[in-house]
């Protein structure tokens, strides 16, 4: 069974936003945890949209991870609407164009996000910036 991952970010006109998303995509791809890893954007004018990314994938099951800090409209309404899933919070499983799709929870409450916040501060001393 081929497994895929779509990382969904908000989207921005700034190139750096896409570059950061690509960095995470590449790291996950190199881990070998999934057969395919793609990025997509929830903002309507950014491509690819999540449905487009899913259509391009040759996988039996695709996990969609919202790279968002909490449940906002993109996670509770826009993403489910786009894939024909019920609105609201929580993990959602269903089928989209013949593929099993699982919309995961946004990452904001994960303990690793807490550690990333702390690391952002601790990194200052290691990089030789900030504290003197």
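Quick reminder: no glycine exception, Cβ is built from N, Cα and C everywhere.
Worth saying up front: this structure is predicted, and the values here are computed from it rather than measured.
Features of the protein shown, as given by Swiss-Prot:
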- 10, 74: Co(2+) binding site (BINDING)
- 10: active site, proton acceptor (ACT_SITE)
- 46, 69, 70, 71, 72, 73, 74: substrate binding site (BINDING)
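This view paints the features noted in Swiss-Prot onto the structure.
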residue: 10; record: Co(2+) binding site; DSSP (3 states): coil
residue: 46; record: substrate binding site; DSSP (3 states): coil
residue: 69; record: substrate binding site; DSSP (3 states): coil
residue: 74; record: Co(2+) binding site; DSSP (3 states): helix
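Most buried of the binding-site residues 10, 46, 74, judged by other Cβ atoms within 10 Å, is 74. Cα of residue 73 (substrate binding site) to Cα of residue 10 (Co(2+) binding site): a distance of 11 Å. Of the recorded residues, residue 70 (substrate binding site) and residue 10 (Co(2+) binding site) place their C-alpha atoms 12 Å from one another.
Rounded to the nearest whole angstrom, the C-alpha distance between residue 74 (Co(2+) binding site) and residue 46 (substrate binding site) is 13.
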